[in-house]
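Trainee: Pulled from TrEMBL, these are the listed features:
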type   : residues : note
DOMAIN : 251-406  : domain 'EML-like second beta-propeller'
REPEAT : 1-31     : repeat 'WD'
REPEAT : 32-73    : repeat 'WD'
REPEAT : 74-115   : repeat 'WD'
REPEAT : 116-157  : repeat 'WD'
REPEAT : 158-199  : repeat 'WD'
REPEAT : 200-241  : repeat 'WD'
REPEAT : 242-283  : repeat 'WD'
REPEAT : 283-324  : repeat 'WD'
REPEAT : 325-366  : repeat 'WD'
REPEAT : 367-408  : repeat 'WD'
REPEAT : 409-441  : repeat 'WD'
Amino acid sequence: AFSPDGKQIVSGSNDKSVRVWDVSTGGELKVLEGHTNSVRSVAFSLDGKQIVSGSNDNSVRVWDAFTGDELKVLKGHTDWVRSVAFSSDGKQIVSGSNDKSVRVWDASTGDELKVLKGHTDLVRSVAFSPDGKQIVSGSNEKLVRVWDASTGDELKVLKGHTDLVTSVAFSPDGKQIVSGSEDKSVWVWDALTGDELKVLKGHTDLVTSVAFSPDGKQIVSGSYDKSVRVWDVSTGDELKVLKGQSNLVTSVAASPDGKQIVFGSNDKSVRAWDVSTGELKVLKGHTNLVTSVAFSPDGKQIVSGSNDESVRVWDASTGDELKVLKGHTSYVISVAFSPDGKQIVFGSNDKSVRVWDASMGDDLKVLKGHTDYVTSVGFSPDGKQIVSGSDDNSVCVWNASTGNRLKVLKGHTSLVKSVAFSPDGKQIVSGSYDNSVRIWDFGSLYIREMISDANDHEKHTGWLLSPNGKHRLMFVPPELLLPDASNILTIPRSSCSSVDLAHSALGPQWKQCYHP
């Protein structure tokens, strides 16, 4: 993926490393190491200051994009983390995992805010809505689920697909959701009501990738039927079909101006399609199947990753190969820059998410919690949070600053393949092999605000502070401190298993002032 300013490229690999490259020279700037298994998903925060990564090491990691320091390791998932993403304001992270859960994390503290349960198979994809109020997740259970990002409540279950959900995304305005499935169809949903708006049929094999155009008026989809199709969102009509590819389409992306579509294939090529003229450029250079493609923010360049262990940069206008970035010792799967390009996030097969400093190459954070491969990661639009999806069936949200896990969104019953924040950061969308797409409503929690408002000393000593951070409310041993009020039980590191409040300053009045 390109950095937001288009000056750098980040790539992740099955060799457990993340690499940062200079677009102008092709030189390798940094090698970020820390995950203990394959990186499945990465994403930058919107401000580019942090990176979130999900991995097969079951963790989500947050990194400082400038220094490369590992800021947080978000632990909680019990299987691979397949997908991660930030909320638009960067305050929260969502992750999906093979453990069938979606988790929401406080990006600042790394605390786990919510575990969204409901999926009955692994969670493949998660995302925040643009306003950050909802989360959507896709799973192997053939459903798409929508969650309230603030409470963790499941708002909607979008049913209709008859096979695994492979990809989900919000429209730019956050009002619609698109999902692709192995049932060969593309579905468009009302993000508010969960109603089915359109079923786009035409593909003759499983749909691998879906995306909205920048203006939200069109949808592009890629399929194993060797075609790329463009659809009118308002009518559902098929506008264009690019057929005749020699092999399967693995990934698609639209240029920022919507005039070009780039897609990768397992015939080892990258193809750039001018939608208006029909002109097709074939970009050759990879020696194995192309796994991912993306445009730079200014639309002038294309980046592609491949199973040949290389990342290549192309001129979008001429199709010329500008750079070949080598260094990985295994497949390049998924990487992303933060919006400001200062950090890199990636997910791995080591079940963790990692955040790296794009300038220095330092490992900022290792976010641990997923228990299976992290398949998808992303930053919120404001870069303050990270969302991750995993083969552990869950979606996790992390505090991008601290690496603390804010929430675990559970509900998917199979692998989470894709996650994303809505443009405003208020929702997360996730797609899963449970054949569903889920939307999660995402917002702040009182207990999270108290913990995040505390200074570092107070947080680590176990004091819970008032929302303004001026008053100590009570002390809880750190090993018993719950990151979120929804978590009713923790397994302590000592023999102590409960907190006796009988002798607190409030004594018998505790029950009168406590509001669950």
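Just so you know, glycine gets a Cβ as well, placed from its N, Cα and C.
Heads up, TrEMBL stuff is auto-annotated, nobody curated it.
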Trainee: Within this structure, do the repeat 'WD' (158-199) and the repeat 'WD' (367-408) have 3 or more Cβ pairs under 8 angstroms, counting pairs 6 or more apart in sequence?
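Mentor: As far as Cβ distances go (cut-off 8 Å, pairs 6 or more apart), the repeat 'WD' (367-408) and the repeat 'WD' (158-199) do not touch.
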Trainee: Would you kindly check 32-73, 74-115, 409-441 and say which stretch has the most C-beta pairs under 8 angstroms to the repeat 'WD' (158-199)?
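Mentor: Comparing 32-73, 74-115, 409-441 against the repeat 'WD' (158-199), the winner is 409-441.
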Trainee: When you scan the chain for residues with a C-beta under 8 Å from the repeat 'WD' (116-157), skipping those not six or more beyond its ends, what do you find?
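Mentor: Counting only partners 6 or more residues beyond its ends, the repeat 'WD' (116-157) has Cβ contacts under 8 Å with 79, 82-89, 91-92, 94-104, 163-170, 172-174, 177, 179, 181, 183, 187, 189, 191, 193-194, 372, 375-376, 378, 380-381, 385, 387-395, 397, 407-445, 486.
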Trainee: Could you give the mean pLDDT over the repeat 'WD' (116-157), rounded to a whole number?
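Mentor: Its mean pLDDT is 87.
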Trainee: When DSSP states are grouped into helix, strand and coil, how many residues of the repeat 'WD' (158-199) land in each?
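Mentor: Tallying H, G and I as helix, E and B as strand, the rest coil: 0 helix, 23 strand, 19 coil.
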Trainee: When the repeat 'WD' (283-324) is classified with DSSP, how many of its residues are helical, how many are strand and how many are coil?
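Mentor: So the repeat 'WD' (283-324) is made up of 0 helix, 24 strand, 18 coil.
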